[in-house]
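A.B. asks: My structure is below; once you've seen it, I'll send some questions.
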Amino acid sequence: MLRIADKTFDSHLFTGTGKFASSQLMVEAIRASGSQLVTLAMKRVDLRQHNDAILEPLIAAGVALLPNTSGAKTAEEAIFAAHLAREALGTNWLKLEIHPDARWLLPDPIETLKAAETLVQQGFVVLPYCGADPVLCKRLEEVGCAAVMPLGAPIGSNQGLETRAMLEIIIQQATVPVVVDAGIGVPSHATQALEMGADAVLVNTAIAVADDPVNMAKAFRLAVEVGLLARQSGPGSRSYFAHATSPLTGFLEASA
């Protein structure tokens, strides 16, 4: 069971809504993933009507919505988008995204921290997408963010946990949930994230662009379950030396 702010989730897999070939395929994949929290970019949704092609099927599916501020380049733009989302969707949950460079889509740490502090004060449950910077993640936690979402690699790159060493520090020092977001390309990446101590992962591109998004969503669901179970089982520690699994000389001594 995963708890973030006032919500609890059975699934440790969060999903996105971008890049799917159709809304129907998106919903089928989300259902197959078992995800209970789905993020959607406010710039892609018609907030004036709930029969929007993306919004309507998500509401019908009964998943919790996590609007994001993707496209915002400054704290001010993100705060504006957050208020639009809260008014239109009736949720104070927000995935805070601020990336000024459209080529790399890397989060702006200064603007993110500034916006997070303001939004928390305004009553939002803030989950910030951020770089894998242990100092920044701690600062975001200190200003009241409900979780932190450090990247594994650039958005949509499918490179996996390129920031693993920093993620381990973030996980070790965090007192709020850590959700690894961005760069997860195959189910084994998700397993690794949960094994190392992450509370959840957010996956979009790897599912949406797969030849079979529904089966890929199932694979990610199982991968997250495997990673969590492995961690809870208490894996053995790593060693630089070999350790025999059975006596090396006992049978020789017995036959002497």
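Any Cβ shown, glycine's included, is placed from N, Cα and C.
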A.B. asks: May I ask you to find which of GLY156, GLY234, GLY236 Swiss-Prot records for the 1-deoxy-D-xylulose 5-phosphate site already listed with ALA182, GLY183, ASN204, THR205?
C.D. replies: GLY156
A.B. asks: How big is the 1-deoxy-D-xylulose 5-phosphate site in terms of the longest C-alpha to C-alpha distance among GLY156, ALA182, GLY183, ASN204, THR205, in angstrom?
C.D. replies: 9
A.B. asks: In sequence order, which residues at least six apart in the same chain have a CB under 8 Å from the CB of GLY183 (1-deoxy-D-xylulose 5-phosphate binding site)?
C.D. replies: LEU151, GLY152, ALA153, PRO154, ILE155, SER157, ASN158, GLN159, GLY160, LEU161, GLU162, HIS189
A.B. asks: Just how many other Cβ atoms lie inside 10 Å of the Cβ on ALA182 (1-deoxy-D-xylulose 5-phosphate binding site)?
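C.D. replies: Its Cβ shell of radius 10 Å holds 28 other Cβ atoms.
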A.B. asks: Here are some binding-site residues: ASN204, THR205. Which one has the most Cβ atoms within 10 Å of its Cβ?
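C.D. replies: Ranked by Cβ atoms within 10 Å, first place goes to ASN204.
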